[in-house]
Amino acid sequence: MADSKMLVPELNDAETMGAETSRFEELLLQASKELQQAQTSRPESTQIQPQPGFCIKTNSAEGKVFINICHSPSIPPPADLTEDELLQMLEEDQAGFRIPMSLGEPHAELDAKGQGCTAYDVAVNSDFFRRMQNSDFLRELVITIAREGLEDKYGLQLNPEWRILKNRPFLGSISQQNIRSQQRPRIQELGNLHTPSSPRPEAGPEKPHLSLWLEAPDLLLAEIDLPKLDGALGLSLEVGENRLVMGGPQQLYHLDTYIPLRINCDESKAAFHQKRKQLMVAMPLLSVPS
């Protein structure tokens, strides 16, 4: 999940602790003000037209099932990990790696023999799809996750055996899909970006201490203690309507927590405070708690 593009240029070394704190306070004020514009600042969903990739054939108790593995540049990519890094992550924490994908609605089609069947369209990021085409491991991983996702979403029980159709990139027609317009909050650096390499933990990622409080009726604040880090480089953060997920570089930290409030994830902001070694997150609320 780590994404260095989430970082912004550091502040000048001459800035003091008070200036850093003031910067974060301004950040929180800005997050609170932007709550008023949340409903008009960005559409809740975006319509995409997935491009064909390849098609796999399997079956369920109801008959033949075809899954069109498609791609779109509008789908966010997963973490840019090597296969060795991914294998190690999956061995240590299977929930620590996610492949963003859009699962389309079932549509009735006819197979090559003119018999009725059901097809599903599953879209992943286009750049990741091209990488997957050159890796049997990634391709099988995507197919496994796509099958499990369809089973969970639609209550299916698919045959674990499947095969990729030759010379047929898709079955039927690929429909447009609506994906949620959600952006990860950028992690701002409060201090310099010098980050010495951190040792890889031997016992898996550590769950950091989290503090939550309401700064205002419409603003929830979070402080995540990260004493092993000196900067935001390698940190990733995902905020959903009632969930906060954070990953640390080299699997030093992992946090996945439920928040019983409706969060405006599109307007959430984050900053790493170097002197305190804390990740601070400002989360405007969609509905004010009573």
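The count begins at 1 with the first shown residue.
Placed from the backbone N, Cα and C atoms, the Cβ positions cover glycine too.
Per Swiss-Prot, these features apply:
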{"type": "REGION", "residues": "34-53", "note": "region 'Disordered'"}
{"type": "COMPBIAS", "residues": "34-50", "note": "compositional bias 'Polar residues'"}
{"type": "SITE", "residues": "Lys57", "note": "site 'Interacts with TELO2'"}
{"type": "SITE", "residues": "Lys64", "note": "site 'Interacts with TELO2'"}
{"type": "SITE", "residues": "Lys113", "note": "site 'Interacts with TELO2'"}
{"type": "MOD_RES", "residues": "Ser173", "note": "phosphoserine"}
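What Swiss-Prot annotates, mapped onto the structure for a quick look.
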residue	record	DSSP class
Lys57	site 'Interacts with TELO2'	strand
Lys64	site 'Interacts with TELO2'	strand
Lys113	site 'Interacts with TELO2'	coil
Ser173	phosphoserine	coil
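For Ser173 (phosphoserine), the same-chain residues 6+ apart in sequence whose C-beta sits under 8 angstroms from its C-beta are His107. Just so you know, the Cβ of Lys64 (site 'Interacts with TELO2') picks up 18 other Cβ atoms within 10 Å once every protein chain is counted. If you count neighbouring Cβ atoms within 10 Å for each of the recorded sites Lys57, Lys113, the highest count belongs to Lys57. Residue pair Lys113 (site 'Interacts with TELO2') / Lys57 (site 'Interacts with TELO2') shows a Cα separation of 14 Å. The CA atom of Lys64 (site 'Interacts with TELO2') is located 7 Å away from the CA atom of Lys57 (site 'Interacts with TELO2').
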